[in-house]
Amino acid sequence: MHQGRGRLRSILRAVSFAGVAIGAVWGASAQAGQPLLNVSYDPTRELYKQINPAFAASWKSKTGEAVEVQASHAGSGAQARAVIDGLGADVVTLALAADIDTIANKTGKIPADWQKRLPNNSSPYTSTIVFLVRKGNPKAIKDWDDLAKPGVAVITPNPKTSGGARWNFLGAWAFGLKKFGGDEGKTKEFVKAIYKNAPVLDTGARGSTITFAQRGLGDVLIAWENEAFLALKEFGADKFEIVAPKLSILAEPPVAIVDGNADAKGNRKLAEAYLNFLYTPEAQAIIAKNFYRPAHPEHAAKDDLKNLPKIEFVTVDKAFGGWSAAQKKFFADGGVFDDIQK
Amino acid sequence: MTSSTVAGRDARRFTAPSVIPGFGLTFGYTLFYLALVVLIPLATLIWRSSELGLSGLYQIAMEPRVAAALRTTFLISFGAAVVDLVFGLVVAWVLTRYDFFGRRLLDAFVDLPFALPTAVAGISLAALYAPNGWFGEALARYDIKIAYTRWGILVALIFIGLPFVVRTVQPIISELEVELEEASATLGAARLQTVVRVLLPPLVPALLTGFALAFARAIGEYGSVIFIAGNIAYVSEIAPLLIVVKLEQYDVAGATGIATIMLAFSFAALLAINLAQAWSRRRYGHV
């Protein structure tokens, strides 16, 4: 009986403690300044951590108003789904135009011609796909061909779950097309050989970076260029080096205002200013510092630009007829990627 | 006994006054709460997949890749639950029957898999069993690979399922009287006989419950598995990952289809275990 009462009391104590804890967390999230929510994808975490305070400072000096930019990061597709299901994003800065297109189609909160509203196809920065190899490049990996050779372990995320991985796949495909003079059958065999060399398919780009850099798996990581530089910075340039293929794909991660949400919250002006800020000299310099390719390289520090190797680019629009066509052909159920995995 | 008397007895039980008042209120609350938290979400799931129809569900289940993932999920979950059954019993036995330094602390450790975010569990396990991890490196010398194979999935599922068996069996073990074992021994039973004929039977229902819980938990597990599984199609891809894949293509119907198939399988498996449990209660009596 005694014991029972003691237990009851400890349960009550636990419950009231939980109540206090939840209240504290709730209270902490309410901060000063008009909140603006930027829903982004995984590898931009470090970039927006620097952009957001810079924008808040610039907004304050211009208008005297405080703004608190909140950032949400996860896989690009998952983020798009969250916005479709009602996450109140004022702006989205995602990995693929297709993800923003889907938000536009499914919710009507973004106009269909959103990509024409800002310069450079609404991409204030671009990136590309490069290779990260172990120091000294023991397997002598120079270009996409080398990834298809037997005995080379390739680390890349799963194109079915990762927006970044779709760029990887298309990069390999574009190289194959060029190498085999446009022969799709041979290109398919080539890309299949690369994916046969993959011992792991992580669900996201960051997961693959960890598998390669921290778990020590694989000979080469196919990665976003900024992610590769970040890994170099994080894990040491004495362990890895970056190999730039001669030909790669130009990744254009786009940004857009979610008009429906921004208007509902009275945030339109703020949201517009935020996205326009990304094209300013100040933001462009931050972008280059974070290993993205700025839309206006003239504003970036010279040293940051020196890092970025010269690569011949193909674009999704030119090589694959846009994202929805590429998505359907390669990554949808029963598409090319499903086929080569059999 | 005719069915009408059974119904009559049950009806009486339903309205029989208890010492403590408030049955109507609490029963209503129970129904409302269960509906809000469990029944309505599950019904929505089934309702959303209903646009596929039974033939659509069948088609999804027969898709080679989905079939392979379902097989992987259910077989490995079953295996992990079996391992948890055996070793959970041992752990529970040691923690309740013996007193030793640090017992309470060890007892608290059992609950950790409950509290840990499963992704953290997956990442730590992958770090340990990766070819350059503590265990992975040692095992690699014998050419054994755990991480990024099906064995990795098994390890993760064993980890998250263990507390279910331990925590369901523990109270029963602490109720077993030592005198029973002593009586059995004085009557000339061998040790194995005592274990099999005296100790195990009353534990069977609780063991089955623990097994069912661990099994059910393993089937739905996502976070800890995807970090250690390798996620290669037809080999180490689990069904929950395919749900995420479908969602990534905005194919909500397909995703709910796989979820509904899993729900049906799990329900059938849990039902079978429950029947076995009811049978064992009748056979060995309830403790």
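Just so you know, glycine gets a Cβ as well, placed from its N, Cα and C.
According to TrEMBL:
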{"type": "DOMAIN", "residues": "B:70-271", "note": "domain 'ABC transmembrane type-1'"}
{"type": "TRANSMEM", "residues": "B:27-47", "note": "transmembrane segment"}
{"type": "TRANSMEM", "residues": "B:68-94", "note": "transmembrane segment"}
{"type": "TRANSMEM", "residues": "B:114-135", "note": "transmembrane segment"}
{"type": "TRANSMEM", "residues": "B:147-166", "note": "transmembrane segment"}
{"type": "TRANSMEM", "residues": "B:199-218", "note": "transmembrane segment"}
{"type": "TRANSMEM", "residues": "B:225-245", "note": "transmembrane segment"}
{"type": "TRANSMEM", "residues": "B:257-276", "note": "transmembrane segment"}
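Here the transmembrane segment (B:225-245) has Cβ contacts under 8 Å with residues 64-66, 68-70, 72-73, 76, 119, 122-123, 125-126, 129, 147-150, 152-153, 155-157, 219, 255, 258-259, 262 of the same chain, all six or more residues outside its ends. When each of B:27-47, B:114-135, B:147-166, B:199-218 is scored by its Cβ pairs under 8 Å to the transmembrane segment (B:68-94), the top-ranked stretch turns out to be B:147-166. Taking every listed stretch (B:27-47, B:199-218, B:257-276) in turn, the largest tally of C-beta pairs under 8 A with the transmembrane segment (B:147-166) is reached by B:199-218.
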